[in-house]
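J.: Just passing along the structure, written as structure tokens.
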Amino acid sequence: MSGPLRKHHPLLKVVNHSVIDLPVPSNISVMWNFGSLLGLCLVSQILTGLFLAMHYTADVNLAFSSVAHICRDVNYGWLLRNLHANGASFMFICLYMHIGRGLYYGSYFYRETWNIGVMLLVLTMATAFLGYVLPWGQMSFWGATVITNLFSAIPYLGPDLVQWLWGGFSVDNATLTRFFAFHFFLPFMIAGLSVVHLLFLHQTGANNPTGLAGDVDKVPFHAYFSYKDVVGFVVLLAGLVFIALFSPNLLTDPENYIPANPLVTPVHIQPEWYFLFAYAILRSIPNKLGGVVALAMSIVVLFFMPFVHSSRQTSHNFRPLAQVLFWLMVVNVLLLTWLGGQPVEYPYIFLGQAASVIYFVNILLLIPIVGYVENKLLFS
């Protein structure tokens, strides 16, 4: 058979159509780089996590010591641990940028791709939460206790569900063991779902900044965009290595360097920085069940994006009013992130409630209204 092997070999053909001869709109910007960066982060996390798991002990009496042993006694264990812990932060930065790009340029109209992407977000958040528990420091223990306790707000099933999650009547050895098992398994599930995400994306083709059909002007992914992605890889890895070597504790909580003690509650229980926006929404509602529903809705609301979009234009590029709402949402999420790290007292309680209301009103009410107004101004 004539032609390159990659074009007719059963396995190489799949790779060829996915990353080499893939037709891509010629006008996509650097904002389309974050998907490949997330793939790099996932590979990095799986590899560093695999080597850490070889030395970690999932036992409440030994977990904290085993992490200290990895950092002190294992060759380059400190580097593996720093890369893994900070790699999670970099992965969430890329993830939020990827979602932001999708919201700005209307990628949610590719519904299967978008819905699987939101599922990937939920799985990644679950994996990160489980990983935060494993070092068995103070914030690990109390974070696990507080977050798993939220399931008790579910009517009728709640208390039994919490005991089933714990494997007993409190967060203990059974909890840590199953959290480690799921933390090890979920990244492979994320990798599999990412392949499905790409499969659906390549069925429709990539979006582009204009929001218009890009079929008239497409170029092969390699070499036009593969080299562009490599630049992103270099920048991301340089940033990750810099943080891991020079300031590895910049994004971590000092409270987690104290071994878990069920008898001493930390002054301020909080998750890692990338969950603080959702945590602020949870805390803003005084009712437990209401807070859990609001927490879930802060992520689930992304599923509604194709339905609340009422404008005839896909992208925000040519929609000044919609751009104002988008940047209001960005600033609001940053404000919620800051508020999630503040103590539960005035004025942070009121500010958190106001920011939470703005978050949902913006997405569920203002976006459809502005789309309708723009249609009237432009097309009537």
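Positions of Cβ are set from backbone N, Cα and C atoms, glycine also.
What you are looking at is a predicted structure, and each value in this text was computed from that prediction instead of being measured.
Copying in the features that Swiss-Prot gives for the protein in this structure:
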type     : residues      : note
TRANSMEM : 34-54         : transmembrane segment
TRANSMEM : 78-99         : transmembrane segment
BINDING  : His84, His183 : heme b b562 binding site
BINDING  : His98, His197 : heme b b566 binding site
TRANSMEM : 114-134       : transmembrane segment
TRANSMEM : 179-199       : transmembrane segment
BINDING  : His202        : ubiquinone binding site
TRANSMEM : 227-247       : transmembrane segment
TRANSMEM : 289-309       : transmembrane segment
TRANSMEM : 321-341       : transmembrane segment
TRANSMEM : 348-368       : transmembrane segment
J.: Tell me, please, if the transmembrane segment (78-99) and the transmembrane segment (179-199) are in contact, taking contact as 3+ Cβ pairs under 8 Å between residues separated by 6 or more positions?
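T.: In this chain the transmembrane segment (78-99) does not contact the transmembrane segment (179-199) - fewer than 3 Cβ pairs sit under 8 Å.
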J.: Quick one: of the binding-site residues His84, His183, His202, which has its CA closest to the CA of His98 (heme b b566 binding site)?
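T.: Closest recorded candidate to His98 (heme b b566 binding site) by Cα: His202.
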J.: I'd like the Cβ neighbour count for His202 (ubiquinone binding site), meaning other Cβ atoms within 10 Å of its Cβ, all protein chains included.
T.: 15
J.: Who are the chain neighbours of the transmembrane segment (289-309) in space, where the CB to CB distance is under 8 Å and they lie at least 6 residues beyond its ends?
T.: 99, 103, 106, 108-109, 111, 114-115, 118, 121-122, 125, 150-151, 153-155, 277-279, 281-283, 356, 359-360, 363-364, 367-368, 371
J.: Between the transmembrane segment (321-341) and the transmembrane segment (34-54), are there three or more CB pairs that fall under 8 A, provided the residues in each pair are separated by 6 or more in sequence?
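T.: Touching, no - the transmembrane segment (34-54) and the transmembrane segment (321-341) miss the threshold of 3 or more Cβ pairs under 8 Å.
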J.: Within its own chain, what residues at least 6 apart in sequence put their Cβ under 8 Å from the Cβ of His84 (heme b b562 binding site), listed in sequence order?
T.: Gln45, Thr48, Gly49, Leu52
J.: Of the stretches 179-199, 227-247, 321-341, which racks up the most C-beta pairs under 8 Å with the transmembrane segment (114-134)?
T.: 179-199
J.: What's the CA to CA span in angstrom from the residue listed as 'ubiquinone binding site' over to His183 (heme b b562 binding site)?
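T.: With distance taken Cα to Cα, His183 (heme b b562 binding site) is 29 Å from the residue listed as 'ubiquinone binding site'.
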J.: Taking the Cβ of His197 (heme b b566 binding site) as the reference point, list residues of the same chain whose Cβ is under 8 angstroms away and which are at least six residues distant in sequence.
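T.: Counting only residues 6 or more apart in sequence, the Cβ neighbours of His197 (heme b b566 binding site) under 8 Å are Thr113, Ile116, Gly117, Leu120.
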J.: Within 10 Å of the Cβ of His183 (heme b b562 binding site), how many other Cβ atoms can be counted across all chains shown?
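T.: Step by step: centre on the Cβ of His183 (heme b b562 binding site), count other Cβ atoms within 10 Å, giving 22.
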J.: Near the Cβ of His98 (heme b b566 binding site), how many other Cβ atoms are there if near means within 10 Å?
T.: 21
